[in-house]
Amino acid sequence: MFFKIPQVLTPEALEKITTTLTEAEFVDGKLTAGWYAKLVKENQQLAKATPTAQALEEQVRQALQSNALFQTAIRPKTVHTLLFSRYGPGMAYGRHTDNALMNGMRSDVSFTLFLNEPSDYEGGELVIEGADSEQSYKLPAGTAIAYPSTSLHRVNVVTKGTRLVAVGWVQSWIRDAQKREIVFDLDVSRRSLFAQSGKTTEFDLLSKSVANLLRLWSE
């Protein structure tokens, strides 16, 4: 299940981040790619293990932690890896699947957080493959798209301008995407019921089911 998560970052936070990135040191994106992904990865990434990178990563993590939709839909145990990527003209990231394990943790959910507006560049769509179709995403600044890390995906070539994104990986409390979707649907339903009717018997039963499924499936 794919989730568009709007307004992860405020306009003020976006401006601060993009200004910082303008002056920051970027390195070859191949340095963080798996052995076969290096063959199709052509972008630049913010140098890791610098005070600038650590401060920006913490800012994004805090924004995700306070985002209700991200927390409910993804059930993050930890956001274990964050990268800031830049694509200029001619850059792209070909078809690949993300590594299953990163920094000793499982990658259940991948996300791309768009840092500049679609009008700032041409091309650069994130394309995620399904069983018999593809979905393309080029979203407003501050919006994230989250999707199962099991998915084949690519970034189309940027033909004009600069594409800025933060990409990250999550180990979820619930590793299976279908199970996460079931819990999410029940959680949304109980919250909607509570907003309409308050604390009813039906709300209590749905809340019990959400809690018990979390007990059953969390790891």
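Including glycine, each Cβ sits where the backbone N, Cα and C put it.
According to Swiss-Prot, the feature Fe cation binding site maps to HIS96, ASP98, HIS153. Taking all protein chains in view, 21 other C-beta atoms sit within 10 angstroms of the C-beta of ASP98 (Fe cation binding site).
For ARG163 (2-oxoglutarate binding site), the number of other Cβ atoms no farther than 10 Å from its own Cβ, over all displayed protein chains, is 27. According to Swiss-Prot, the feature 2-oxoglutarate binding site maps to ARG163.
The domain 'Fe2OG dioxygenase' annotation in Swiss-Prot covers 78-172 and is backed by sequence analysis. Here the domain 'Fe2OG dioxygenase' (78-172) has, by DSSP, the following mix of helix, strand and coil residues: 3 helix, 58 strand, 34 coil.
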Below 8 Å Cβ to Cβ and six or more residues apart, same chain only. Which residues does that give for HIS96 (Fe cation binding site)?
GLY34, TYR36, ALA37, VAL40, LYS41, LEU152, HIS153, ARG154
Near-site residues: Fe cation, ref HIS96, ASP98, HIS153, CB cutoff 8 A to centroid:
ALA37, TYR93, ARG95, THR97, SER110, SER149, SER151, LEU152, ARG154
